[in-house]
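Just below is one structure, and these are the notes that go with it.
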Amino acid sequence: MNYRKYRAFKPVDLPDRQWPDKSITKAPGWCSVDLRDGNQALPVPMSVEEKIEMFELLLSLGFKEIEVGFPSASETEFEFLRRLIDENRIPEDVTVQILTQARAHLIERSFEAIKGAKKAIIHFYNSTSTVQRDVVFNKSREEIIEIAVEGARLIKEIAAKHSDTEIRYEYSPESFTGTELDFAKEICDAVIEIIDPDEENKLIINLPATVEMSLPNIYADQIEWMCRNINRREHLIISLHTHNDRGTGAAASELGLLAGADRVEGTLFGNGERTGNVDIITLAMNLYSQGIDPELDFSDINRLIEVYERCTKMTVPPRHPYAGELVYTAFSGSHQDAIRKGLEKYRKSDSRIWDLPYLPIEPADLQREYEAIIRINSQSGKGGVAFVLEDQYGLKLPKAMHPEFSAIIQRITDERGDELKGDEIYDVFNKEYLTDGRRLKLHKYKINAILDDDEATDVHNAVEIIATMEEKGERFEMTGHGNGPIDAFFHALIESGHLEEGVRLSSYSEHALTEGADSQAVAYIQMVNKNGQGRFGVGVDPSINGASLKALLCALDRMDKMD
Ligand SMILES: CC(=O)SCCNC(=O)CCNC(=O)[C@H](O)C(C)(C)COP(=O)(O)OP(=O)(O)OC[C@H]1O[C@@H](n2cnc3c(N)ncnc32)[C@H](O)[C@@H]1OP(=O)(O)O
Ligand SMILES: CC(C)C(=O)C(=O)O
C-alpha cells in the first residue's frame, strides 16, 4: 500500500482556539437532507411516492427544515415538490429547502418548483476547494467568486418576484474543507454582501465537509476560524454538513457545534454520498444521552427503520449506533452480569437517573425490549442465563444455582457453536429439572400438624408427613416427622432407606411463579452429599409444599445421576 502518495492535512493556525473548553447545552437547528443528499447517493433513487412517505416520516420525527431535493435536476424531483405544495402537505411550521447550483437555468427552474410554497430556503452552492478550482472549473479565485456572486444576484432578483413565498437563503462553499480559509471567508463575504441579511432574515452559511479530509478537531478549528472572521456573524446561521469519509462525521459535527455552529444538516442512518452524511439519529441521541432535549423524536425507531429501509432500499447495520439490532444486546458473561445487576438495582431504586453498565441509554426509550438485551451463546455467563429465565419466564433461580444451570447451557452452546434463544433455554431447564421420570415418584401426601401439648408423641412444634410413593412401578407409603414439611419428607426418605447417609439439605428458596387464584409456586432445593458435592432440584406445583417436595425429589434424582 503506497501511503507515500498521500499528504497530511495542514492544521489550522489557531493557537487561541476556544472550542475545546465549550460544551453542547442545547440542540442545534436540524435540517434533514435525506430527500436530497441521501437520495442522490442511492443506486435506485426514491420514487415520488417513496419520497412522500419519507417526507411524512421526517415530519413525524419533528424536523422543521427539510431539504426536499434538487428540483431542477430531474422530473421526479420537480414533481415531488409540486405534489408537496399542490397537495398542501407542508405544515405551517415546516420549511422546505431546495438545492441548486449557482447557474441561471437551474435557479430559474428551482423557482418554478417552489411556486406557491409558503416558505422555502433556496440553497445554492458552488465548489471552492483548490482541487475543484483546478480540476473541475479551471478558474481563478476571482472567477469562482463570480459564480457565487452571480448566482446570489440572480436568486435575489427572481425571489423578489415570488412575494407569496417567504424565502430564506443558504449558501454553501461546497468542498469547504479543501478550501483555504481566507478564500472561504472571501467568497462567503461576497455572497453575504449581495444577500444582505439582517437580524430577522438571517443567511444560512453552510460549511460542508463535502469530503471529510482531516481529524475532526481540524474541522472544528476551521469552523471556529470562520465564525470569528466571517463578516456579519450576527446575521448568519452557521450550518454544518459533514460527510463520513474518515468515519468521524458525527465527531466532526459535534466539535463543529462546540466551535460555534448553530445548525446541522444530515440524514437518517447517515445515508448519503460515499460513506454517507452525518447520521442525525446518532447526533440527536448523543444529546439525549447527556440529558439534553434533542428536539427530535426517535422513540418509534422500529417503524422508522422499516420505512427507511423500504424507501431507500438500504439496510441499517446491526451495530448502527442506537438503532442497530444488536446495540443493546450483550452476549458476553461479564457484561450480562453487570447489566442484570444494574437493572435490578435501577428497578428497585427511587432514583430515575439512568446509570447502568454497558447501556448508555435505556433501550425501552427506543422501544427495544429487555428480552433482546441479554442473549446467550458460548461467551455468556451464569448471570445472563439466569436473567433470561427470570425476565422471560419469571423463574428466579437462587444465586447458588446459577453456576449449575449455566454449565448445562454452556455445554450446549459450545457444542452447537450457536446462540440459544430464550425458549430453548427454558426447554433445557424444563427437561433438566421439571420433567417427570424420576426414580422416586410422589403420588399423594398428607401433612398433619403436631401440637405443642401433644403428650402422646415426643415431637413438638412439628409436622408429620404421610406420603404415597412409587419406585420401579411399586407403590409404598412412608412416614416422617420434622420441623416442617420438607424436613419431615427428608426424614421419611431416610427412614424408608431412600436417601444415602450423609446427604443433607443445603439451601432452599421458593417464590410464586404466577399471580392470582391459579398461581403456581416454584421451589429450589440444593442437596449435598458427604463429599460436599451438590445438586439443585426444582419443583413447580399449585401448593408451596407440593413444589418443595417435588424439588427435593428432583435434587435427589440429580444427585443419583451425578458423575
Ligand atoms: C456535494 C453535492 O452533493 S452537490 C449536489 C450534487 N447533486 C447533484 O449533482 C444531483 C443533481 N445534479 C444533476 O442532475 C446535474 O448534475 C445537474 C442537472 C445539476 C447539472 O447537469 P449538467 O449541467 O447536465 O451536467 P453536470 O452536472 O455534469 O454539469 C457540469 C458543469 O457544471 C459546472 N458546475 C458544477 N457545479 C457548479 C456550480 N455549483 N455552479 C456553477 N457551475 C457548476 C461544472 O463546471 C460543469 O461545467 P462544464 O460543463 O462547463 O465543464
Ligand atoms: C451541497 C453541499 C452542501 C453538499 O451536499 C456537500 O458539500 O456535501
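Glycine residues also receive a Cβ, built from the backbone N, Cα and C atoms like all the rest.
Bear in mind that TrEMBL entries carry predicted annotations, made automatically and left uncurated.
Here TrEMBL flags 28-302 as domain 'Pyruvate carboxyltransferase'.
Sequence-distant neighbours of D37 (Mg(2+) binding site) (same chain, six or more apart, CB under 8 Å from its CB) are E67, H241, E265, T267, G272, E273, N277, listed in sequence order. When secondary structure is read from DSSP and collapsed to three states, D37 (Mg(2+) binding site) falls in the helix class. Look at TrEMBL and you will find D37, H241, H243, N277 tagged as Mg(2+) binding site.
Mean pLDDT for the region 'Regulatory domain' (436-563) in this predicted model: 89. Annotation comment: TrEMBL describes 436-563 as region 'Regulatory domain'.
Checking the binding-site residues D37, H241, N277 against ligand 2, the ones with a C-beta less than 6 Å from an atom of that molecule are D37, H241.
Of the chain residues outside the Mg(2+) site list D37, H241, H243, N277, V33, P208, A209, T210, T242, G249, E265, G266, T267, G272, E273, G276, V278 have their Cβ within 8 Å of the site's Cβ mean position.
Listed binding-site residues: H241, H243. The one with the lowest count of other Cβ atoms within 10 Å of its Cβ is H243.
Here the region 'Regulatory domain' (436-563) has, by DSSP, the following mix of helix, strand and coil residues: 28 helix, 55 strand, 45 coil.
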